[in-house]
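Asks: My structure is below; once you've seen it, I'll send some questions.
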Amino acid sequence: MSEYQHRARKRFGQNFLHDAGVIHRILRGIHAKEGERLLEIGPGQGALTEGLLGSGAQLDVIELDLDLIPILQSKFGHEPRFKLNQGDALKFDFNQLNAEPHSLRVVGNLPYNISTPLIFHLLSNAHLIRDMHFMLQKEVVERLAAEPGGGDWGRLSIMVQYHCRVEHLFNVGPGAFNPPPKVDSAIVRLVPHEVLPHPAKDHRLLERIVREAFNQRRKTLRNTLKGLLDSHAIEAAGVDGGLRPEQLDLAAFVRLADQLAEQTTGA
Ligand code: SAM
């Protein structure tokens with residue numbers, strides 16, 4: 001037993017990576033370089049941390065579990081490019097990192113229970129971020145990377161693709177972790193657009209339209225959006241109200257949101 005022995009805690013979503021081949025593949029996918037600014041969320045016992053620091057980059061980590069803090073400190077604390085932040089990544093103020101715009105490279109084998117809110121928290125700071133590499137539940141990665149027309153296309157795909165280019169890099173089986181999770185995992189790369197390809201007049205209205213539309217994904221838009229837009233307004237946005245939400249691409253949702261914006265300001 002080493003002094004670093006730590007019992008994985010379910011409530012912190014702890015599944016520690018132990019497969020050297022998988023760790024290497026993730027690090028290769030990130031390809032960190034000297035002088036870059038990295039932020040690792042949930043370093044755990046440092047499975048990825050060591051390789052990230054080895055690149056010569058400057059690395060901040062955020063870890064919630066107090067018991068892991070002395071372990072991380074003793075492994076990496078001597079390295080001046082390493083900064084340990086104890087706390088909840090969901091509440092972390094990314095501005096305190098003083099990173100240049102579009103510079104921060106965010107990395108994490110994320111606790112699955114917080115992955116979606118954490119991605120949204122990060123996207124609200126998208127201007128600081130150059131890219132993100134995450135290990136997530138495979139099913140979530142499939143939804144993030146989905147295209148219109150299928151069952152995976154929904155609120156998560158649309159709101160993330162509004163901000164980012166999404167790449168499903170590769171899948172990882174449960175055996176790569178200790179303890180093994182019950183589900184398959186995958187690595188995803190998210191790259192925030194420097195210029196949004198389909199900017200909405202009001203981002204909150206896009207969220208509202210998308211939420212409303214997918215609340216009942218089997219129904220037609222004419223039905224699901226009736227509290228927000230009438231058939232005439234849907235048509236004015238160049239959208240067929242007889243379609244179901246999963247048949248619409250991001251640009252069409254933005255047109256609907258802009259129609260709602262016009263209706264609201266024009267009232
Ligand atoms: N990166 C390590 C690895 O690959 O072996 C650990 C990954 S484990 C799936 C998730 C890590 O996130 C754990 O160390 C856990 O304590 C930490 N964590 C859980 N919730 C967190 C939160 N809200 N903020 C920061 N870290 C959190």
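Counting begins at 1 with the first residue displayed.
Including glycine, each Cβ sits where the backbone N, Cα and C put it.
So TrEMBL lists these for the protein:
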type	residues	note
BINDING	N15, L17, G42, E63, D88, N109	S-adenosyl-L-methionine binding site
DOMAIN	22-194	domain 'Ribosomal RNA adenine methylase transferase N-terminal'
Asks: What is the Cβ neighbour count of N109 (S-adenosyl-L-methionine binding site) at a 10 Å cut-off, with all protein chains included?
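Replies: Its Cβ shell of radius 10 Å holds 29 other Cβ atoms.
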Asks: I'd like the number of other C-beta atoms within 10 A of the C-beta of D88 (S-adenosyl-L-methionine binding site), please.
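Replies: Its Cβ shell of radius 10 Å holds 11 other Cβ atoms.
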Asks: Including all protein chains shown, what's the count of other C-beta atoms within 10 A of the C-beta of E63 (S-adenosyl-L-methionine binding site)?
Replies: 25
Asks: Might you list, by sequence position, any residue in that chain lying six or more from N15 (S-adenosyl-L-methionine binding site) with a Cβ less than 8 Å away from its Cβ?
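Replies: Result: A8, N109, F177, N178, P179, P180, P181.
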Asks: Around G42 (S-adenosyl-L-methionine binding site), how many other C-beta atoms are within 10 angstroms of its C-beta?
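Replies: G42 (S-adenosyl-L-methionine binding site) is surrounded by 23 other Cβ atoms within 10 Å.
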Asks: Greatest CA-CA distance (Å) over the residues N15, L17, G42, E63, D88, N109 that the record ties to S-adenosyl-L-methionine?
Replies: 21
Asks: Report, as a single number, how many Cβ atoms besides its own are within 10 Å of the Cβ of L17 (S-adenosyl-L-methionine binding site).
Replies: 20
